[in-house]
Each structure stands twice: as C-alpha cells, then as structure tokens.
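Remarks on the structure that follows.
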Amino acid sequence: MAGIVNVGVQMDHVSGITIAGDSTFAMSLEAQARGYRLFHYTPDKLSLRDGRVYATAQQMQLRDVRGDHFTLGEDERIDLSTMDVILLRQDPPFDMAYITSTHLLERLHPKTLVVNDPAWVRNSPEKIFVTEFPDLMPKTLITRDPDEIARFRQEMGDIILKPLYGNGGAGVFHSARDDRNFSSLLEMFAQMFREPYIAQEYLPAVRKGDKRILLVDGEPVGAINRVPAEHDSRSNMHVGGRAEATDLTAREREICTRIGPALKERGFLFVGIDVIGDYLTEINVTSPTGIREVKKFGGADVASLLWDAIEKKRA
C-alpha cells in the first residue's frame, strides 16, 4: 500500500469536544503533525449510492488551544474510497445508527484502512466481547429476565446493574442484597431497554480505582487509574471520577497477554480495557479514551504509537 495523505475522521462534531481529555482530538492532532490532511464528518453525513460510500465533509485544521481548537473548511462531497485512513470515532450508544455506519464503512476496508475494523467493531460489543474470557472476569449475567437477575443478586449479594450498550457510566446502578428499590429498578430497566442488560458482582476494589489500560495492536502502551467520587460506584470522568498515574501490575500484564492475540486477529489497532482489582470488566473497541490523560501523567505518547502502527499497516 501507499503512504498516508488523506485521513477521514468520523466523529461527533468537533465543536462539542473537550480537548483536554479527548482521544479523537489527540489522534487527529498527531496525524496533522505528520502532515496528513484531515477531513471531518459526522456519521449522519454518510451515504451509500451505486456501491460507493460518500460523506459530506470539511477539511479540518486543529490547534491545542481551549476555545479555539479547530477550523473547518467548506462542505465537500467526498468519495471515502479516496481516503487512506478513516478513524471510526463517534461515541456510543451502540445502536442501529452506529451499526449501520459500520456496514457502510465495511465497504471501504481494508483498501481504505478503517481504525478500528468496522466489521469486528460491530461483532464485538464491549460488554459481550469480554465474556470470551470468563476466567478473567467477575461473575456476570446478561439477561432481561427479572427472576434470573433476582437469583443472581441473592447469590452475589451486592451487584452492579447496567445497560448492555451504554457508555460513560450512564445508567449504572449499585444494588445491595437488601435494596428495597430493587423491583422498581428492574421495572425501570424493562421500560427503558428492549435488549438484555448486564448484572455483575460488585467488586469492592473499585473504591481504589478502575484502571483504564490502552493497547495498540494488542500491546499495552499506557494506563491511568480512575478513582470514583466518595459516594459513587462509577469511576468514569464524565460523572466525577478522578484520574491518577499508575503502573501495570503482574496480573494486568497477564490479562493483556491473554487478550492481545484476539485483538490483533480482529484488527483492533486501538483498544481500552477496564480492570478492577484482578478482574477484566470491559474491552472498549468503539471509541476508547485515555490518550491525553496517560501523556499528562508522564506516560507514553499513545497517539504517536498508534500512528506508527497505522503506518506499518499501510506500508
């Protein structure tokens, strides 16, 4: 393959991001520094006609300046097969709109390298993919059956109940064995979600943090520890979690070694896994975050390592 000139960035609109913690911004900034031309578009601007995939896009220039971080050019209708690389970076929810975009991008890959591979993104939902490694996980139940969930809670004691396709800590509940609101919680989930939900044993180690580990082409390259707020079980930064520097433990390296081959096999060049204590809880392949935080705490320049891996794939 030839080198990289044009990079499409499929993302939520650049005007709405917070650059201090946005991994898509970090990835795009590194691409710009390498001399690539960036083309910005949102998923709703994708089209398929006569077997070709188009997007209404704008050339994008970035600056690492809060409040003045981007300039967009005029709208252009672009045949996405003219892109060398496309970054698939819109945030979940992992709904039919998201799934449809992966079908369209699959028409382009691998001649145009889509990061991550859209077919495998579609076939590897983050809270289901992880169940391929049951010995690395906490006890987990995926179901919509309230009786099954009640039995699971009786067995486990405290549990976490969360949407199967949510993100950012939204809709995550900690329910104790004696929770009087448990029936109401199940009723609320039944009304809100048509698909199954996920129940997981509560891990007290979350009070010490939920570690986000970043992997490039199956190899761990950096990590941060996300500590939840005092009265919250969620460590996501969106809901008040606090990031801190960390190193990988022997157990965490073992987890990375176990899952690395599966990530490489599926073309996942950039992945973020979540580990609580000794347990793997999620494998994030859609739009993982953490690049800027790792660098902020003196860790690797993950965006640079990622583009090194992309260039190697394109060579």
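Every residue number used here counts from 1 along the chain in the order it is shown.
Backbone N, Cα and C atoms are what each Cβ position is placed from, and that goes for glycine too.
The domain 'ATP-grasp' annotation in Swiss-Prot covers 127-311 and is backed by sequence analysis.
The Cβ neighbour count for Gly169 (ATP binding site), using a 10 Å radius and every protein chain shown, is 20. Secondary structure at Gly169 (ATP binding site), as computed by DSSP, is coil. For 153-209, the entry in Swiss-Prot reads ATP binding site.
Cβ neighbours of Glu282 (Mg(2+) binding site) (same chain, under 8 Å, six or more residues apart in sequence): Glu126, Lys127, Val130, Ile273, Asp274. According to Swiss-Prot, the feature Mg(2+) binding site maps to Glu282, Asn284.
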Pairwise CA distance, Arg153 (ATP binding site) versus Asn284 (Mg(2+) binding site), rounded so that it is a whole Å
26
Which whole-number value in Å describes the distance between the Cα atoms of Leu185 (ATP binding site) and Asn284 (Mg(2+) binding site)?
26
Would you identify which of the binding-site residues Arg153, Arg177 has the most other C-beta atoms lying within 10 angstroms of its C-beta?
Arg153
Select the most exposed residue of Leu161, Leu185, where exposure means the fewest other Cβ atoms within 10 Å, treating these as the binding-site residues.
Leu185
By CA distance, which of the binding-site residues (Leu161, Gly169, Arg177, Glu201, Gly209) lies nearest to Asn284 (Mg(2+) binding site)?
Gly169
